[in-house]
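Engineer: Per TrEMBL, the features are:
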| type | residues | note |
| --- | --- | --- |
| DOMAIN | 2-152 | domain 'Glycerol-3-phosphate dehydrogenase NAD-dependent N-terminal' |
| BINDING | G7, G8, G9, A10, W11, G12, A133, R248 | NAD(+) binding site |
| BINDING | K101, G129, T131, K184, D237, S247, R248, N249 | sn-glycerol 3-phosphate binding site |
| DOMAIN | 173-305 | domain 'Glycerol-3-phosphate dehydrogenase NAD-dependent C-terminal' |
| ACT_SITE | K184 | active site, proton acceptor |
Amino acid sequence: MKIGVIGGGAWGTALAQVAAHRGEPVTLWAREPEVVEGINAGHENRLFLAGVPLSPSIRATADVGDLAACDALLVVAPAQHVRGVLSQIAVGTRPLVLCAKGIEAGTRLLVGEVARQVHPQAPVAVLSGPTFAHEVAAGLPTAVTLAAADEALGRALSERLAAPQFRPYASRDVVGAEIGGAVKNVLAIACGVVDGAGLGQNARAALIARGFAEMTRFGLARGARAETLAGLSGLGDLVLTCSSTSSRNFSLGVGLGQGRAAADLLADRRTVAEGAFTAPVLREAAAAAGVDMPVTAAVCRLLEGAPVDDVIGALLARPLRQEAS
Ligand SMILES: NC(=O)C1=CN([C@@H]2O[C@H](COP(=O)(O)OP(=O)(O)OC[C@H]3O[C@@H](n4cnc5c(N)ncnc54)[C@H](O)[C@@H]3O)[C@@H](O)[C@H]2O)C=CC1
Ligand SMILES: O=C(CO)COP(=O)(O)O
C-alpha cells in the first residue's frame, strides 16, 4: 500500500517517517516550497521538525497531482484547512486517514465528516492518540487508535503503518476517536492556564478529571463509545497534552494563565494550536447537543479576553453537583 501524506507540518512529517520506516517510498505534499526543497535536498524539515534526519524514501512535492500514485492518503492539514486542501485533490475511492484534531468552524463538523462531504466515495479512517511529533519522528515508543468503520480497511492500514516503535490499536469507533482528539486540545489549554496562573497540581488533576467528564458527556451525546473516550485517543492524549509544554495548546494556556492576550499569543505563530479554533465551535456544538461543558466555556472566555481571575472564580463558584452527573 503506497502511502501519501497531505500536509508537511510536524505531524505529517513524523507520520511520513513512520510510513517510510522499512524504506518504502512515501509521497509528502507540503504547501511551503522551502519544506519541499529541504526534505528532498537535505532530508530535513527545518521549518516544522528541525533536527530530525528523515528517511531518503520520503519524497516531498508541491504538486497534488503527485499523490495520484498513492493507494491511501493521510490527511494532516490543520482541521480548519482540511476542506480547502482536500478540495484540490482527486481522491476517488482511495481511503482517507484523518490525522488532524479539531472541529470545523461554521459547519461544526468533525474532520472525518468534512472528508465525507468533500469526497463521498472515499472510505474514512482516523488515526489519533498521544503522539508528540518529535518523539514519534525520533522513534520513541508510541501507541495510537486507528479507527475505521470497515474492519478490513482498519486492519490493512494498521499493518501498513505499524512499526517496531509505533503501535496502532484498531477500533471501529471513528466518531469517538475524533472527539477525544478535538476536545483534549481545548482541555490542554485549560491545564496550561492552571500552570501559568500557578494554581497547583491539585487543580491540574481536578481539571483533567472534570475535563474528561465533559469530554465523555459530549462524546456520548454524539454517539461515541465510552471505551474509546477512555482509550489512547481520548484520556491517553488528554493526559499527555495536559502535562507538558511540548504541547502547543498547553503552552498557549500557560501564556493565558500569565495574563497575556490570546491575540498576542496567536499572532505570527507558524505552528497550530488547534484548541483555540475548536473551543468556540465546541461550545456551540455542546449547546446544540444540550451538554454542559464548563471548562470549555471557561477557555472560550479566556480566549475572548476575560481576566483569568474572573474566569477561574466563576468556574469554582458554580453550584455544587453530583460527581457522576
Ligand atoms: N504536532 C503534533 O505533535 C501533532 C499534531 N497533530 C495534529 O496534526 C494537525 C497538523 O498539525 P502539525 O503537523 O503539528 O502542524 P504544524 O503546526 O507543525 O504546522 C502548521 C501546518 O499548517 C499548515 N497550514 C498553515 N496554513 C495553512 C493553510 N492556509 N492551508 C493549509 N495548510 C496550512 C502548514 O502548511 C503546516 O503544515 C493538527 O490538527 C494537529 O492537532 C496530531 C498529533 C500530533
Ligand atoms: O496532539 C498532540 C499530541 O498528541 C499535539 O498536541 P499539541 O497540538 O497541543 O502540541
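Just so you know, glycine gets a Cβ as well, placed from its N, Cα and C.
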Engineer: What kind of secondary structure is G12 (NAD(+) binding site) part of, going by DSSP in three states?
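Structural biologist: SS state of G12 (NAD(+) binding site) = helix.
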Engineer: Select, from G8, T131, R248, each of the binding-site residues with a Cβ positioned under 6 A from at least one atom of ligand 1; if none does, say none.
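Structural biologist: Going through G8, T131, R248 in sequence order, those close to ligand 1 turn out to be G8, T131.
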Engineer: Roughly how many angstrom lie between the C-alpha atoms of W11 (NAD(+) binding site) and G129 (sn-glycerol 3-phosphate binding site)?
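Structural biologist: The separation of the Cα atoms works out to 12 Å.
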Engineer: According to DSSP, does D237 (sn-glycerol 3-phosphate binding site) fall in a helix, a strand, or coil?
Structural biologist: helix
Engineer: T131 (sn-glycerol 3-phosphate binding site) has how many other Cβ neighbours within 10 Å of its own Cβ?
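Structural biologist: Other Cβ atoms within 10 Å of T131 (sn-glycerol 3-phosphate binding site): 24.
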Engineer: Please give the maximum pairwise Cα distance, in Å and rounded to a whole number, for the sn-glycerol 3-phosphate-binding set K101, G129, T131, K184, D237, S247, R248, N249.
Structural biologist: 15
Engineer: List, in sequence order, the same-chain residues at least six positions removed whose CB sits under 8 Å from that of S247 (sn-glycerol 3-phosphate binding site)?
Structural biologist: F132, A188, G192, L240, T241
Engineer: Taking the Cα atoms as reference points, how far is A10 (NAD(+) binding site) from K101 (sn-glycerol 3-phosphate binding site) in Å?
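Structural biologist: Spelling it out, the Cα of A10 (NAD(+) binding site) and the Cα of K101 (sn-glycerol 3-phosphate binding site) are 14 Å apart.
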Engineer: How many neighbouring Cβ atoms, not counting its own, are there within 10 Å of the Cβ of G129 (sn-glycerol 3-phosphate binding site)?
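Structural biologist: Excluding its own Cβ, G129 (sn-glycerol 3-phosphate binding site) sees 22 Cβ atoms within 10 Å.
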Engineer: Across all protein chains in the structure, which of the binding-site residues G7, G8, G9, G12 has the highest Cβ count within 10 Å?
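Structural biologist: Of G7, G8, G9, G12, the one with the most crowded Cβ is G8.
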Engineer: Among A10, W11, K184, D237, N249, all listed as binding-site residues, which has the most CB atoms within 10 Å of its CB?
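Structural biologist: Ranked by Cβ atoms within 10 Å, first place goes to K184.
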Engineer: What is the total of other Cβ atoms whose distance to the Cβ of R248 (NAD(+) binding site) is within 10 Å?
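Structural biologist: Around R248 (NAD(+) binding site), other Cβ atoms within 10 Å: 21.
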